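The active site, proton acceptor feature in Swiss-Prot is assigned to E89. Swiss-Prot lists 95-325 with the feature domain 'Radical SAM core'. Marked as disulfide bond by Swiss-Prot: C102-C330. For C109, C113, C116, the entry in Swiss-Prot reads [4Fe-4S] cluster binding site, with the evidence type sequence analysis. Residues or ranges marked as S-adenosyl-L-methionine binding site by Swiss-Prot on the basis of sequence analysis: G156, E157, S188, S211, L212, H213, N287. The active site, S-methylcysteine intermediate feature in Swiss-Prot is assigned to C330; the stated evidence is sequence analysis.
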Amino acid sequence: MLIYDLTYEELEEFIVENGYKKFRADQIWNWLYKQKIEAFSEMNNIPEDIIKLLNDNYTFAGLETVIKNTSADGTIKFLFDLKDANLIETVLMSHNYGMSACVTTQVGCNIGCSFCASGVLKKKRDLTAGEIVAQIIRAEKESGVRVSSIVIMGIGEPFDNYKNFVKFISIVNHPKGLAIGARHITVSTSGLVPKIKEFAHLGIQVNLAVSLHAPNNEIRSKLMKINDRFKVEEVVDAIKYYIHVTNRRVTIEYIMIQDLNDSVETAVELAKLLKGMNVYVNLIPYNTVKEADYQRSSLENRLAFHKTLKEHKITAILRKEQGHDINAACGQLRSQNL
């Protein structure tokens, strides 16, 4: 078992159950998340018997960096090799408010979005909470920067690995560790309706983003197989439920694809669908991938779409393009190396 799989409370319980004082857990946690050690033997204020105990029961993630690409805009994309030889991706993105990490939750993905490179390689397994945590640790060490926010938007559907990604949040959010505030963490889902409703009752102030990408079932079904299970209307109802329970705004993710979902008429339809909801729309320039025969929406169309939403009183932003020159779209780097 990975040491990063333990919450602070679980580590404390383990230490106490083995006859040691609670403060030792505090020391170990500090070594893990402040000093970012990669071997228990590096903890020079921990007795040797505790180090032996840890070595006998836990391991480090052992992520090996296969590829590290840096974009002209400062985006850094990592391809990591797990201990079982599976490959995952992590991306660091530079913003004016700090460095954001986009983490992966699964090896492969079963959602099967037609525009995405991740779905070409089907899901092999879920990542543990510790394997998700390890991406942050490794990315920080490799880049020399501190991650101040997290987006759970890498390879995989987080709500299909619900228990582990929720545990991951509790670990990185702990004030004595990485201390990344809940409001600086965003989880993105393709629209697993039951899990959206369950997440509403979790009681943490993590941001929710929903990949909608279309205002109707005809277009969305072309883009996302998940729409065969959960129609647009069901997803929107789940979003309304989440907003009602949490009183929190939801981000609507909308990848703009030329001549498919980027017309002014489609923008009007989207505005009507979202009317009166506490949401904002994130308009995303499509990162072309060789696995899909789609093209990025023209700047003219993106601007017109954005203008139309604003005219209909829908808050929307045109997301800045990042990492296009290093294949930073989800799943691209992994698919090229398998």
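Numbering starts at 1 and runs along the chain as it is shown here.
Including glycine, each Cβ sits where the backbone N, Cα and C put it.
For E157 (S-adenosyl-L-methionine binding site), the nearest of the recorded positions by C-alpha distance turns out to be C109; the candidates were E89, C102, C109, C113, C116. Across the structure, C113 ([4Fe-4S] cluster binding site) and E89 (active site, proton acceptor) are spaced 18 Å apart at their Cα atoms. Averaged over the domain 'Radical SAM core' (95-325), the predicted model has a pLDDT of 95. Taking every protein chain shown into account, S188, S211, N287 are the binding-site residues, and of these the Cβ with the most other Cβ atoms within 10 Å belongs to S211. Around the Cβ of G156 (S-adenosyl-L-methionine binding site), 28 further Cβ atoms fall within 10 Å across all displayed protein chains. The separation of C102 (disulfide bond) from G156 (S-adenosyl-L-methionine binding site), Cα to Cα, is 12 Å.
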